[in-house]
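Over in TrEMBL, the protein carries these features:
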| type | residues | note |
| --- | --- | --- |
| DOMAIN | 53-298 | domain 'G-protein coupled receptors family 1 profile' |
| TRANSMEM | 37-64 | transmembrane segment |
| TRANSMEM | 71-94 | transmembrane segment |
| TRANSMEM | 114-131 | transmembrane segment |
| TRANSMEM | 151-174 | transmembrane segment |
| TRANSMEM | 194-217 | transmembrane segment |
| TRANSMEM | 246-266 | transmembrane segment |
Amino acid sequence: MAIESNQVSQCYDNQTVEFFYNKSGKFISPMWRTRDFVVVGLGLTVCVIVILANILVMTAIIINRRFHYPIYYLLGNLAAADLFAGLAYLHLMFHTGPWTIRLTPYRWFLRQGLIDTSLTASVVNLLAVALERHQTIFTMQLHSTMSVRRVLLLILAIWTVAVLLGLVPTMGWHCLCNLPACSTMAPMYSRSYLVFWAVLNLLTFSIMVAVYTRIFWYVRHKSRRMSQHTTNARYRETVMSLMKTVTMILGAFVICWTPGLVVLLLDGLHCIPCQVLKYEKYCLVLAECNSLMNPIIYSYRDEDMRRTFKRILCSLCGRGRGRHWGTVSGIRFNTQEEEVLSQSIGL
């Protein structure tokens, strides 16, 4: 019994990554296969598109004063999280397949930590967007009165939480000293950490869905009681349009990430018959595609954003120089009362 106890508590810090993969049953092929070339080729292509698309979103929010409000700063930070995810997946593509064998445990933890940090940043940011929308809608505002300083502090807090959660396995919640606790999909992560991480994110998803359901119920109930005055009609239309945009963003995120989190949860629960490795690659591709969805949603839902995208691209092509940025729509409403004032002076 004492010998078995010593074997369980023995640490394997000096072992190779291949050692942990073989122990977990996730074998690494030393040779490049056709599937490896396809996965890396498609992955690199998607990563480049994700990076460029989210840089475009961030640039549009910065240069167009129409978007200089807390909700758009948070959406811009979501684009930054997607940009970070694109970079994290780009790093993953150069450290996957047969290249995985060359990784040290530290570099493997770095690879996984980048992915974890990007997901956490997106989740926490979406939760902040949901709470911001809840606060503004229930106070009959279009945009929050939160100061720029407070928004920046909130964004800093989001990234602090994301980085800390991304570092948790590296700081000790791993299985280097307890091989029987190693997961299959992430052979150096403890299964208990996968359960914690998956449950935490799925619970956060549920909270956000509940918040948006309550907001939509409130807006629908309030709309029935409001008169058909032009001001009220425009206010409702603008609020609902913005709500639909952020809800589509949340919906795309949940759809793209839930399968992967469920598979991680099953792996953490040590569900051997589930054969999680069969679904790992598909879930990874689906999660990676999420970072490309938001720019598409912006282009489809927001005319001002779409118009700003066109001006940026035309400017890069050498056309459209000399135009004034930041006055695409000329509308800068904070509250319903400001909209009434704007209409009264003929704006």
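In case you wondered, yes, glycine gets a Cβ from its N, Cα and C as well.
In this chain, the transmembrane segment (37-64) lies out of contact with the transmembrane segment (114-131); the count of Cβ pairs under 8 Å, excluding pairs fewer than 6 apart in sequence, is fewer than 3. Mean model confidence for the domain 'G-protein coupled receptors family 1 profile' (53-298) is a pLDDT of 85.
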